[in-house]
Amino acid sequence: MAEKTIAVLTSGGDAPGMNAAIRAVVRTGIVKGFRVLGFMRGYNGLINGDYMEMNLRSVSDIIHRGGTMLYTARSPEFKTEEGIQKAIETCKENNIQGVVVVGGDGSFRGARDLSQRGINCIGIPGTIDNDIACSEYTIGFDTAVNTCMQAVDRIRDTAQSHDRCSVVEVMGNNTGHLALHSGIGCGATCILVPEVPYDLKKDVVGRILSYQGTGKKHFIIVVAEGTCNTNALAIQIQALTNIETRETVLGYIQRGGSPNAKDRVVASQMGFRAVELLAQNIGNRVIAMKDGKILDYDITEALGMQKPFEMDLYNMAHDISI
Ligand SMILES: Nc1ncnc2c1ncn2[C@@H]1O[C@H](COP(=O)(O)OP(=O)(O)O)[C@@H](O)[C@H]1O
Ligand SMILES: O=P(O)(O)OC[C@H]1O[C@](O)(COP(=O)(O)O)[C@@H](O)[C@@H]1O
Ligand SMILES: [Mg+2]
């Protein structure tokens, strides 16, 4: 009988800690007696049969590296019936009983589609956005929060030295979790997110002018992408306050870099749990964190959940930014 086999791939945007998840999947799989294949460039690898045979040493020296050793991609072809059938064919040819997919909500939709066609899939949340509803945490978030915070610390030196206002745009894919946590960490004057409507004159300009009246001389405004046009915002702030204002878009520096301890630990736990499920012939699940514990949900149920925005934290941030 052909050797029992599992596959692992990373999909969607890369996130720090994806390598630690791959390492955990590969090592747990091998210890449990599976042959493990690493598929390249997300679902494209499954479609094209592009994989590498993994052994214990294939995942040495990666736990501390950002990005993903298996590369990643957004694969439009996988969303078509033809593409998914090619992926199923690859799984059958290689006797693959289960696939671990490290990625975001889009990747989980793909994992659900594959599971519904008879291939057990387990999703592991890996994205800097922390926007997966079923999980209070996604691999890469804490590293990205720290990267944003450290970048703003440097920007603050210039804002302070020139008595300027700095508008800093962070990522988040239409959610404000990254902006909220990095904004609190860097002591931002205002945090603007898509989840909370704001009034420019009252909530931004009014605040800046009122704090200026207490002696504050430089200002940091952290904005989540998808909230507004940050360049236009900087121009408006300067026009309405007469304070020199500059915009910085942090961009991809916030997605790369060595994962911090939290991301390595959570990635290891989630990777281990994913293989435990596959070894029990369980599929169509997403690994999640709830109250700090690792558990799993049905993918369809998970995709139907809503992630609440941490309004208490948001309000607190503004209360202490006076
Ligand atoms: N609705 C969908 N149905 C099937 N597959 C999908 C779907 N949405 C996304 N995918 C697959 O998952 C990949 C990654 O999704 P994407 O939304 O880009 O990133 P993420 O997983 O990080 O949210 C897509 O390129 C596609 O191959
Ligand atoms: O890699 P791209 O196509 O520039 O995508 C940018 C998007 O990817 C992210 O960096 C990560 O999103 P995902 O993890 O869901 O892929 C978002 O914050 C951002 O909106
Ligand atoms: Mg996503």
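Glycine residues also receive a Cβ, built from the backbone N, Cα and C atoms like all the rest.
Here is what TrEMBL says about this protein:
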- ASP129: active site, proton acceptor (ACT_SITE)
- GLY13, ARG74, SER75, GLY104, ASP105, GLY106, SER107: ATP binding site (BINDING)
- ARG23, ALA24, VAL25, VAL26, ARG27, ARG156, LYS216, LYS217, HIS218: ADP binding site (BINDING)
- ASP105: Mg(2+) binding site (BINDING)
- THR127, ILE128, ASP129, ARG164, MET171, GLY172, ASN173, GLU225, ARG246, TYR252, ILE253, GLN254, ARG255: substrate binding site (BINDING)
- 6-278: domain 'Phosphofructokinase' (DOMAIN)
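What TrEMBL annotates, mapped onto the structure for a quick look.
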{"residue": "ARG23", "record": "ADP binding site", "contacts (Cβ under 8 Å, 6+ apart)": "VAL59, ILE62, ILE63, SER268, GLY271"}
{"residue": "ARG74", "record": "ATP binding site", "contacts (Cβ under 8 Å, 6+ apart)": "SER11, GLY12, GLY42, GLY106"}
{"residue": "SER75", "record": "ATP binding site", "contacts (Cβ under 8 Å, 6+ apart)": "SER11, ARG41, GLY42, TYR43, ASN44, ILE47, GLY83, GLY110"}
{"residue": "GLY104", "record": "ATP binding site", "contacts (Cβ under 8 Å, 6+ apart)": "SER11, GLY12, GLY13, PRO125, GLY126, THR127, ASP129, ASP131, ILE132, THR138"}
{"residue": "ASP105", "record": "ATP binding site", "contacts (Cβ under 8 Å, 6+ apart)": "ASP131, ILE132, ALA133, LEU303"}
{"residue": "ASN173", "record": "substrate binding site", "contacts (Cβ under 8 Å, 6+ apart)": "THR127, ASP129, ASP131, GLU225, GLY226"}
{"residue": "HIS218", "record": "ADP binding site", "contacts (Cβ under 8 Å, 6+ apart)": "ARG156, ALA159, GLN160, HIS162, ASP163, ARG164, CYS165, SER166"}
{"residue": "ARG246", "record": "substrate binding site", "contacts (Cβ under 8 Å, 6+ apart)": "ALA159, ARG164, CYS165, SER166, VAL167, ALA234"}
{"residue": "ILE253", "record": "substrate binding site", "contacts (Cβ under 8 Å, 6+ apart)": "THR147, ALA151"}
## Note on the structure
Across every protein chain in view, the count of C-beta atoms other than its own within 10 A of the C-beta of MET171 (substrate binding site) is 22
### Summary
Taking ARG23, ARG74, GLY104, MET171 as the binding-site residues, the residues having C-beta under 6 A from ligand 3 are GLY104
### Task
List those of the binding-site residues SER75, THR127, MET171 whose Cβ lies under 6 Å from any atom of ligand 2, in sequence order, or write none if there are none.
THR127, MET171
### Query
LYS216 (ADP binding site) to MET171 (substrate binding site): how many Å between their Cα atoms?
27
### Task
To the nearest whole angstrom, state the Cα distance for the pair VAL25 (ADP binding site) and SER107 (ATP binding site).
17
### Message
Let me make sure I understand the structure: which of the binding-site residues listed (ARG27, LYS216, ARG255) has the fewest other Cβ atoms within 10 A of its Cβ?
### Response
LYS216
### Chain-mates of GLY13, ARG74, SER75, GLY104, ASP105, GLY106, SER107 with C-beta within 8 Å of site centroid, ATP
SER11, GLY12, GLY42, GLY103, GLY110
#### Entry: Those residues of the chain, 6+ apart, with a Cβ under 8 Å from that of SER107 (ATP binding site)
SER11, GLY12, GLY42, TYR43, VAL101, GLY123
